[in-house]
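Enquirer: One structure follows; several queries about it will come next.
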Amino acid sequence: MPLVAVRRAVRESVSGLPREFWWLWTSTLVNRLGAFVATFMALYLTLDRGYSASYAGLVASLHGLGGVVSSLVGGVMADRLGRRPTLLVAQASTAGSVALLGFVQDPVAIAAVGFLVGAASNASRPAVQAMMADIVRPEDRVRAFSLNYWAINLGFAVSSMGAGFIAEVSYRAGFLAEAGMTLVCAIVVFLKLPESRPERTAAEKAGAEDVGLGTVLRDGRFMGVVGLSFLVALIFQQGSVGLPVAMGAAGFTPADYGLAIAVNGVLIVALQIPVTRVIEHRDPGRLLIVSSVLAGYGFGLTAFAGSIGVFALTVCVWTLAEIVNAPTQTGLVVRLSPTQGRGRYQGMYTTSWSVAALVAPLMSGVVIDRWGAGWLWGLCAVIGTVAGVGYWALMRRLPGAEAELAETHPTREPRVGVSGVGVPEVAEVGLPGEVREAVEREAVAPEVVVPAVVAPEVVVRAVAVPAVDAPGIGVPAVREPGAGEPVGGGSGFGKPVAGRPVGGGPGAREPLGGGSSAVEPVGGRPVHLKPVDGEHVAGGTVV
């Protein structure tokens with residue numbers, strides 16, 4: 001691919017996202033660059049401290065249990081306290097508990113601190129995902145989640161290599177390094193990220209029911225997604241718990257496993273962004289079905305692997321499924337979440353992965369010990385098939401994106417000026433980017449503001465599709481005049497466009513108002529026009 005094409009592809013992949021997103025992305029990358037505990041906890045306890053493998057497994061389980069609890073707590077905090085306070089509390093707590101882990105000596109104390117580290121480090125995830133949904137436009141969310149997932153894997157790959165060298169010098173130095181990097185994340189959040197939680201209007205507070213954990217649990221459609229996410233997570237977890245055990249039982253060395261699993265990180269770093277360019281506007285249902293089946297059968301192929309090359313090939317298959325599934329799944333969760341409950345919904349979704357991290361080691365251990373590794377890989381294929389069928393059944397009943405948008409972003413009643421002439425209160429299609437972003441943040445469809453008004457001529461930056469109910473008055477159905485080009489003048493209601501008369505005259509497009517309207521009603525109501533406050537519009541005085 002030519003260098004120019006590569007540069008253009010990269011620019012298109014990262015353009016259009018708000019500045020706040022990039023600060024959040026930077027915080028995520030720095031956090032993962034400092035990851036040490038997750039990689040070397042078992043080695044620290046067994047090699048450096050001399051504890052048994054069983055004790056190391058107990059601490060790892062407590063670490064995971066802390067993540068399960070904090071996923072829900074962090075989601076509630078993100079909705080009640082805000083995304084920013086939750087991030088600050090979680091990251092400061094993570095830094096303190098990780099540093100403490102390098103100094104505690106008593107086995108009970110180590111286990112307790114391990115639980116705290118798992119809880120603190122996982123509490124920030126719902127807040128990060130909710131904030132990302134708050135600040136990124138709906139059409140860019142899959143791309144944003146994909147870039148964030150890319151940063152997580154890039155940071156983890158780099159930290160794993162660096163942490164190995166640090167561990168040779170001092171495990172305590174590794175813990176302190178992670179604590180310091182986490183504090184840097186907290187400083188970035190404190191200095192650069194404003195609160196993004198949408199505030200309710202008075203009408204919404206009066207008419208809407210508060211979103212609690214009970215609301216999430218009663219949302220059958222969403223809980224179906226959580227259950228399917230748990231199944232997919234069980235499959236992906238086998239890459240770190242089932243695969244090394246199976247390769248060891250087959251006579252392969254830890255270095256062989258390291259080479260095979262390294263393909264996962266390399267492919268994610270290399271392909272996450274270009275693959276996202278292909279899938280970001282495609283049907284999420286099909287993507288989730290395909291990725292679930294691909295993950296299951298990618299691990300299923302491991303039953304036939306007898307060499308490092310074949311193991312690496314199977315890793316390629318399920319890594320591609322991971323690249324597609326991760327941003328698509330997170331985007332679907334946002335789509336199903338009410339604006340005021342994003343933290344709780346993201347917390348419940350994160351819990352599915354935390355529980356899978358606890359169950360997957362038990363599942364792989366029991367299956368391999370009793371029936372052999374081949375049965376584990378066959379079970380993965382079955383689980384992937386079940387998840388694919390589940391997504392197919394669920395997504396058939398999922399409303400379209402427009403219905404979801406209308407559900408979470410209700411429109412206000414339109415206001416009409418003299419003779420029904422004014423500025424349309426229309427949907428988001430065709431609006432400037434800054435107006436569309438404001439629509440998403442305020443969770444309503446606001447009236448479109450015309451940037452400059454001069455009586456009797458109206459200067460319009462962009463014209464959405466209007467509808468007029470005064471007889472004989474027409475406006476072109478689709479029109480984007482040049483910057484500063486007047487609309488109106490002459491007889492008072494407009495000048496001809498491309499030779500077509502405006503206002504009752506025949507043309508390539510029929511005039512609106514008095515005849516049949518080309519504009520569909522919004523939410524079942526006719527779409528009218530709103531005058532600009534206190535100005536004359538096309539010669540008429542605004543009432």
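Just so it is clear, glycine is given a Cβ too, placed from its N, Cα and C backbone atoms.
Any TrEMBL annotation is an automated prediction that lacks curation.
Sharing the record's features from TrEMBL:
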type	residues	note
COMPBIAS	501-516	compositional bias 'Gly residues'
DOMAIN	20-399	domain 'Major facilitator superfamily (MFS) profile'
REGION	484-543	region 'Disordered'
TRANSMEM	21-47	transmembrane segment
TRANSMEM	53-74	transmembrane segment
TRANSMEM	86-104	transmembrane segment
TRANSMEM	110-128	transmembrane segment
TRANSMEM	149-167	transmembrane segment
TRANSMEM	173-191	transmembrane segment
TRANSMEM	222-245	transmembrane segment
TRANSMEM	257-275	transmembrane segment
TRANSMEM	348-368	transmembrane segment
TRANSMEM	374-394	transmembrane segment
Enquirer: Verify whether three or more Cβ pairs under 8 angstroms connect the transmembrane segment (257-275) with the transmembrane segment (149-167), leaving out any pair fewer than 6 apart in sequence.
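Expert: Yes, these stretches are in contact.
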Enquirer: For the transmembrane segment (348-368) against the transmembrane segment (257-275), do we get 3 or more Cβ-Cβ pairs below 8 Å once near-sequence pairs (under 6 apart) are dropped?
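Expert: Output no: the transmembrane segment (348-368) is apart from the transmembrane segment (257-275).
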Enquirer: Select the range from 110-128, 173-191, 257-275, 374-394 that forms the most Cβ-Cβ pairs under 8 Å with the transmembrane segment (53-74).
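Expert: Between the stretches 110-128, 173-191, 257-275, 374-394, 110-128 has the largest tally.
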Enquirer: Could you check if the transmembrane segment (222-245) is in contact with the transmembrane segment (374-394), meaning 3+ Cβ pairs under 8 Å among residue pairs at least 6 apart in sequence?
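Expert: Taking Cβ pairs at least 6 residues apart, the transmembrane segment (374-394) and the transmembrane segment (222-245) are in contact, with 3 or more under 8 Å.
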Enquirer: Going through 173-191, 257-275, 374-394 one by one, which has the most CB pairs that fall under 8 Å from the transmembrane segment (86-104)?
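Expert: Out of the listed stretches, 173-191 contacts the transmembrane segment (86-104) most.
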